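Colleague: Pasting in a structure now, in structure tokens, and then I'll have a few things to ask.
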Amino acid sequence: MEKGPFSVEWLAQSSRSGGREMPGESRPCPLDMPRDRDTAERRSLGHEAESGGAAPGRSRTKFSAAQLQELERSFREQRYIRAGEKRRLAAVLNLSQSQIKTWFQNRRMKFKRQTQDAR
């Protein structure tokens, strides 16, 4: 069957490529191609999740003992942090509000695991 401009095959192919092709042209979809050789190697080895989900170039935050003590104290008082308390803790502990928010989310999950394991 010929791939004319209104055939099912041509329509499917042109919708994958954003419709920028002329009938008869064939190009791989840019979304299917890795951007660099390292990405291609990781994909071929099955290591897509090896990065741990962290943003590129962003290292894990190492909280000091004083920061952890204050965060734990605040968590004991209330498991869900309010906006004002988040701003206060960020200023006092020299952390970003998103770091505070993420710490609370992670701490709630840790608390949930601990309570489920205790049952």
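Every residue number used here counts from 1 along the chain in the order it is shown.
Heads up, the Cβ atoms here are built off N, Cα and C, so glycines get one too.
Positions annotated as region 'Disordered' by TrEMBL: 1-61. Under the heading compositional bias 'Basic and acidic residues', TrEMBL lists 33-50. Feature annotation from TrEMBL assigns domain 'Homeobox' to 54-114. Per TrEMBL, the feature DNA-binding region maps to 56-115.
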Colleague: In this predicted model, what is the average pLDDT of the DNA-binding region (56-115)?
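Modeller: A mean pLDDT of 95 is what the predicted model shows over the DNA-binding region (56-115).
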Colleague: For the domain 'Homeobox' (54-114), how many residues does DSSP put in helix, in strand and in coil?
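Modeller: Residue counts in helix, strand and coil order: 42 helix, 0 strand, 19 coil.
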